[in-house]
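Participant: Dumping the structure here so I can ask a few things about it.
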């Protein structure tokens, strides 16, 4: 131990600040957050030095978990919200990846105005997400929004996009895909460009069809980039807050409620500042993600072993 | 891979593309570009219309258009826009400085030295990436209350460091990995301390990586909505842009024209800077991720 300290003291010294920051601002809060899920902490029982009020919450055991996991609607209908979160995540990631890959493939060939297309297609990434959310909320306006006016002009129906129906979920998926495609596209474009061109030439000499070239060269060549961006995409979308909150808010719409927005609702909105339930949701979200990431990595490793 | 640019290996033209396929290719890309650009264009058009005209029963590009919205927003007649800008800049800059400084030393240590615990540390950075804000929001709120920082911008800076520092460390580690270790060794031979090597040799070489990391940290803090909505005090002048702009969106009445003008004012510098750094950003992001 002492020898290790002597040998590595400068490494430890350089790492120390970050370890301290992480310990104080992530680890300690995490432990405390888990503890809060076992209590009945809320706005009136949390310690508040400004009001000179000590903490008065008490230990309640697993009550919060039982309440939430019972799926009761007064605790956010956990199971149906989880299902909606999964539908939301899956549809967003599949669409974003599909469109991103399609555009990357198109952009990866020599043609006129390639650089111009690239810049135009990146634009949604450059706009801050809260601005994009407002822009789409404006365009989805049921009476005067430009989307419905265009639909009306070509003789189609003019649905109420952001009402209390599942159409609102479709709307936020559209927004999130619009926001997310540029990142996917560019990451995949980088991946495509790292595939050696002579592989394609050799395949062509051997008489491979375009589809075969795509399946046997492009997709395997993209594997490492794909697996990373898909994992990132899933985690980001699962936790995506601003798009849903700003497009359908400020009054929460139960048809677009995902786990994260409900936790925030519980923490923040008006009468029900129930910090204990908000924390419980947080811990459950984290558990779902950790379990998922573990399986994902294992599946990837198995896939690599076969390849 | 690293934050250096991926060399562009052009795929040679496989024969000549037929006319029909060429048209289809360009048509697809034009449609996609239109979809990408249109919302921004529409906000721009709307920003010149009065609130009442922004939601008119027929679509018009120009409808009593003028610069009035911009005047109102900038003069503070509609929300304290300049104060929001100042808050956003202050919070984002502070976050950036702290995050880059902390993550540079750690990224370097993790990149260069094999010490017990270094792998675990890196792994923990990855796991922290996965944390939804919902896990930390209550305890961080509690910490800030206890410290008396609830409702202040310093409190928000601390909160943003929890997400920025691990991510920046990861990115910078990837960048430091691309700087040859020979440089460090020759520095040591010339009598520099480990810290001297880092400070005098490696940091200057890593300037592009630092720039990208800083940009990323800045943007993350600049656009964050959830913590900013929850942790800033309710008074109008303490808000960031992401929270302040919500003032225009009331339950029953939305000031679309003013919101659009404010949005354009926020988006233009972001788009401009983004345009300058985007090619580095992509490869940098891919690098940090792929190495994991």
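Yeah, the Cβs are placed from backbone N, Cα and C, and that goes for glycine too.
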Participant: Which one of these stretches, A:202-224, A:225-247, shows up in TrEMBL as transmembrane segment?
Facilitator: A:225-247
Participant: Per TrEMBL, which of A:144-166, A:167-189 is transmembrane segment?
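Facilitator: In TrEMBL, the transmembrane segment feature sits at A:167-189.
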Participant: Transmembrane segment per TrEMBL sits at which of A:253-274, A:275-296?
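Facilitator: The listed stretch tagged transmembrane segment in TrEMBL is A:275-296.
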Participant: Labelled transmembrane segment by TrEMBL, one stretch among A:9-31, A:32-54. Can you tell me which?
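Facilitator: Of A:9-31, A:32-54, TrEMBL gives transmembrane segment for A:9-31.
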Participant: For the transmembrane segment (A:86-107), what are the same-chain contacts with Cβ under 8 Å, counting residues 6+ beyond its ends?
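Facilitator: Apart from its flanks, the transmembrane segment (A:86-107) reaches 114, 117-118, 121, 169, 172-173, 176-177, 180-189, 191-192, 214, 218, 222, 226, 229-230, 233-234, 237-238, 240, 258.
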